Amino acid sequence: MAEIVFKINGKEHKVDGKFSPDVTLVEYIRNVAHLRGTKFMCREGGCGACVVNIRTAQPPSNEIKTFAVNSCLVSILSCHEWDVTTIEGIGSERTGYHEIQRRLARFNGTQCGYCSPGFVMSMYSVYMSKNKNITTKEVENSFASNICRCTGYRPIAEAFKSFAMDADEALRDIVIDLEDLHSLKSCTRDCLKEYSDKKCSTKDKQNKNSDKLKLKDNNWCIIENLRNETFMVQSALYKWVKAYSLADVFKAIQSDDNYKLIAGNTGQGVNQLGDYPTTVIDIFSVYELKEHVLDVNLILGAGISLSELMEIFGHISASNDGFKYLQELYNHLDLVAHMPVRNIGTIGGNLMLKHINNDFQSDLFLLFETVGGLITIAEEVGKNTTMALPEFLKFDMNRKIIVNVILPPLSQCCSLKTYKIMPRAQNSHAIVNAGFLFKFHHNSQLLESATLVYGGISKIFIHASTTEAMLIGRDPFTNETLQLVLKSLQEEILPIENPPEPSAEYRKMLAISLYYKAILYLCPDDKINPTYRSGWKVFKRETSKGSQSFETDESLWPLNQPVSKLEALVQCAGEAEYSNDIPAMSEEVFAAFVTADVNPGSIISGFDTKQAFNISGVSGFYTAKDIPGNNTFTPSKIPIMDVDEEILCSKEVMYYGQPTGIIIADRELTAQKAAKLVKILYSYESTKKPLLTIDSVLESPEMNNRITNNQVIDPTDAGNDVKHVLSGELKLKGQYHHYMELQTAVAVPTEDGLDVYSSCQWLDLTSVAIAECLNLPVNRINVIVRRLGGGYGGKISRPSQIACSAALVAYLERKTCRFVVPLITNMKSVGKRLPLNSNFEVGVNDDGLIQYLKTTFHQDHGYSFNENISARTIAHFYSCYDPKRWQIESNSIITDTASNTFCRSPSSTEGIAMIENIMEYIAYNIGKDPIQVRLLNMEAENNPFPDMINQLKNDCEYDKRNEEVISFNEQNRWMKRALKLMPMTFEIYYFGNYNSVVSIYHADASVVICHGGIAMGQGLNTKVAQVCAYVLGVPLDKIRIKPSTSLISPNAMVTGASIGSECVAFATKKACEIILDRLNPIKAKGSYTWEELITKAYEDGVDLQATYMYSSKDELKPYNVYAVCALEVEVDMLTGNHDVRRVDILEDTGRSLSPMIDVGQIEGAFVMGLGYWTSENLVYDESTGELLTNRTWTYKPPGIKDIPADMRIYFRRNAGNEHGLLQSKATGEPAFCLATIILHAFREAVRSARLDAGYPDQWLDIGIPCTAENIFMAVEHKVEHFLLM
């Protein structure tokens, strides 16, 4: 039998027909090769967690190339003659860490760490592919493939840019300083030192290993004896044909009508394939499809990858006048997908996606059609048909293959401009893309022909043909022609609604706007008003930068010392263990939810599992009837759990996508496939339109049954100088947490119960919920959490549903059950941030001082009233202002959606957004400076903001830059800037129980800590270790933190609300002090080293273990975090896209326990907040309640080029905190709330554009999130506004 032969980290692997085409490389790496460092999340090439490096011979030259791929997209059968390198293959504790791993750790570029291996492998791949000769621009442009939810990207970008040839001196100095500080060079994790005067015991060994790694980098010998003979891997169900020639391809096609051609398989990230056909033909190595020829035309083989295509375009455009236009195509292609996809995605594959689904916004199709390209189709060797691309879309491709694309040269009389408008800077499909080619008569500005091509309009719209004909013989650079063309486009472009894509109205006006942008780009200087010229631009970030300013007191070190996370290096090396990294166990099963994908209110009567059980490997199915105990994952014995939410829906469906059953199989993908085949039977299937929003409930006859009034706060004072009465509203949507590690649980039967490895933030809730579900004592359940791959509140209550489900299967089957909820199910079935609607009426005097304020808000809880945050929303609504004259009413509402839950900065985000919106509204309506209105309404006592605002204004040169913004806006009609400043008070309050157990081993005096907190990227373990080292007076490398378990921490409260690190560190401090008290009698007898002291204590029978539990009875008291933010944004009014030019944040961190950790928390929180206010848009099907933005293809958190171009963090100088732990303050959430400032900046920028258009000066309510669509539509463009002179 033929075999696929490849290597992983130098070790040969062989696979045969036992492996089906749907076994991906990442599945093989993790489950067969048992290398758990490579992660996965989206399984569609949209997150970068799965990136690995490939070295292989590439036809037609068989040159050895190295490149990155998404291992979640690649079938294991595609890997023939590949040398795969995973994160373990470039460096480890055993062999020595690679410098890329070490550098990322040193720069604090890892928080939860789940994305870190993917980032490292992306960097490694691009670094090695360029022979280590790389620029800062190339570095920052190479990570469209990778998403990080924690860090805000800045430290990742800086770590990797430090490898660049043109890295600036400041970056090089940071590298030197960090090396001096950490002495990390070539160290294992057990040799991690925080003091530069310590000698590294394994340094020599690791340096030798580093030399070996360098040799390996440059001299890898991959596959010997390359063969180019077609072969077949076959099983009873399918055959996989590895083809090397077109003749081989056609032979395979003729043998089976049910076939699929595969090259890179990257189309899986666009159209997710359920089942593979019986014959799969791998054409990645077909040499005829890999060639390109330049004679009169440029002929491009259909098998050329997009990365190779860009190289070809770059080379030819620089050397051939007829093809100079290829540089424009190169620039456009840089916005297509990302590097790992472009590395194996091919021309033919991309065009076939367009052929299969004409709605697909193929950039290649658009570019080739714009320049008059042709496509060649073969139905057998030598029997070719060449046709236009629109004809190809209608052509029957059965048993045919795309051979090549032909591009013509363009004369100097031609002008080309293309655009791709996306919801974020990179790695997004187009909202609308467009290509414009103008051919002028010789020495004339009259057009011989014009080509206007659009994507994203409808499946049938390609050319604006009527408008193309109108342009012939005209000068496009006159207002008269421009207006004729724009009005023609207005009639000709008729988009169709296609949720979740932006509205047809927006896409239509955007398409018109793009034509205008092209004309602004091409228009001669003497025919254009200079203020219009910049409108042609689109934002394309080259590089970003940042700075951090904080104080550190060396006399306190390791407390207050700027150190990297203790786990940073193992995270960057893929050695950090997450719940799903638990080694595979004998006969383990994989579970998946069967979900009720119907309208809420439907009634379940049963299940038909026959079709699901026909799949080999499916072994069981469980419903609510199989639960021995209580069918709830929100037990009433747990605080804030007021309503029972069912683990598995037993009867009435509460929302679209609610879990109703669990199916198990011997493979994860098998279980997920089987879940889709289970038919849920309904005694009643509702067709009633669900109530999905607060507005829909308030307008519904059901309102009274769905609303609860929580609280009314009455004013204690009233002003009598009311000169202005103002009213307004603010509506906030939800937000998906987008943790990189999906909801996960692994339940393992033990002799006395279950060990459950859960990705949860709350040990107690999870253990109690499992026990009650199984009707077992809680002491038979041990919940174990090493770390989370991100949480952000989404793993507080929701993971208990998954943990209960896994535990149920493990308990009933007596087998290990592994349950990882796939992304689409995760997004539709798990609740999100609570949406909020608020309205207000405010009376103020002429200066803006509030005389009275009445505000009412409603929060959307989803289908249950659990996790009510209204009281905290009110507390945060006060922020830094005097609330004596305020009346506040809070309400909760039930909707037909998944029960919503905490999301980073819950209640504070909404509360602060509401009051800051009101302050802006007051200032706008009475014509006052918003900063002065804010200062006027602040609490007078102990107010730090006058000083903090002045400090930040000075540090960021606010007044000077504001003048520059005004000048810029006067000189630019279509690009507008705004600079805003906002203060914030964030109240930190304490709750719950947090324990810590500190143990000292007598043999070497090393210290180990077990605690009830959950590490999820916030640096909890590092801060705890620093406090322990400080109190005990020992080196930081003496201390290790062990996983959190309900065995050691049986009643631990949720880690959340920014207080986990402080409370656990407080408990650790107390436990250490207990041990020190026990050691004092020995210390009084003489002078001892730490090791001698512990030995003596052991000999004297001193207990070297102590435990302490923080509770509300302890001396930690609530306190305020103060912060001021200044943000400058530039907005492209012709698209709605924006660029955050600079952000300055001054935050009162007290005396930071760990400055680098706190900087990371501030930056990460702020960038996540930017995502909430801009690109993260939840769209539901209004008729069913289905979430449509349910995958990385449609839901867009910020990427590396969406962060501020210049981000500056300042810690408030000479700050302390008498109420907090060791004078520190929390940093995990406050900065998220500062991101609301971008709403005010957008409003100011749009206001400037509207005034230029002649609109009256009026308040704008831009839709939230402020997507490109909502910003663009707020301008209210008219074609009459689009002028040249």
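Cβ coordinates are placed from backbone N, Cα and C, and glycine is handled just like the others.
For reference, TrEMBL has these:
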- 2-90: domain '2Fe-2S ferredoxin-type' (DOMAIN)
- Cys42, Cys47, Cys50, Cys72: [2Fe-2S] cluster 1 binding site (BINDING)
- Cys112, Cys115, Cys148, Cys150: [2Fe-2S] cluster 2 binding site (BINDING)
- 233-412: domain 'FAD-binding PCMH-type' (DOMAIN)
- Asp359, Lys420: FAD binding site (BINDING)
- Gln761, Arg904, Ala1057: Mo-molybdopterin binding site (BINDING)
- Arg872: substrate binding site (BINDING)
- Glu1229: active site, proton acceptor (ACT_SITE)
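Considering only the binding-site residues Cys47, Cys148, Gln761, Arg904, the residue whose Cα is spatially closest to the Cα of Asp359 (FAD binding site) is Cys47. Of the chain residues outside the [2Fe-2S] cluster 1 site list Cys42, Cys47, Cys50, Cys72, Val26, Lys39, Phe40, Met41, Arg43, Glu44, Gly45, Gly46, Gly48, Ala49, Asn70, Thr1192 have their Cβ within 8 Å of the site's Cβ mean position. Of all Cα pairs drawn from Gln761, Arg904, Ala1057, which the record names as binding Mo-molybdopterin, the longest spans 13 Å. Distances between the Cα of Cys150 ([2Fe-2S] cluster 2 binding site) and those of the binding-site residues Cys47, Gln761, Arg904 are shortest for Arg904. Ranking the binding-site residues Cys42, Cys50, Cys72, Cys112, Cys115 by other CB atoms within 10 A of the CB puts Cys42 at the bottom.
Within the model, the domain '2Fe-2S ferredoxin-type' (2-90) shows a mean pLDDT value of 96, rounded to a whole number. Within its own chain, Lys420 (FAD binding site) has His332, Leu335, Val336, Asp363, Ala430, Asn433 as residues 6 or more apart in sequence whose C-beta sits under 8 angstroms from its own. Cys115 ([2Fe-2S] cluster 2 binding site) is 19 Å away from Arg904 (Mo-molybdopterin binding site) when you measure Cα to Cα.
Apart from Cys112, Cys115, Cys148, Cys150, the [2Fe-2S] cluster 2 site neighbourhood in this chain, defined by C-beta within 8 angstroms of the site C-beta centre, holds Thr110, Gln111, Gly113, Tyr114, Ser116, Arg149, Thr151, Met740, Gly789, Gly790, Gly1017, Gly1164. Cα of Cys112 ([2Fe-2S] cluster 2 binding site) to Cα of Cys72 ([2Fe-2S] cluster 1 binding site): a distance of 21 Å. Taking only the Cα positions, the spacing between Cys50 ([2Fe-2S] cluster 1 binding site) and Glu1229 (active site, proton acceptor) is 28 angstrom. Between the CA atoms of Cys72 ([2Fe-2S] cluster 1 binding site) and Cys115 ([2Fe-2S] cluster 2 binding site) there is a gap of 14 Å.
Cβ atoms within 8 Å of the centroid of the Cβ atoms of Gln761, Arg904, Ala1057 (the Mo-molybdopterin site) belong to the same-chain residues Gly791, Tyr792, Gly793, Ile796, Phe902, Pro906, Val1054, Thr1055, Gly1056, Ser1058, Gly1060, Gly1228, Glu1229, site residues excluded.
The Cβ neighbour count for Cys148 ([2Fe-2S] cluster 2 binding site), using a 10 Å radius and every protein chain shown, is 31.
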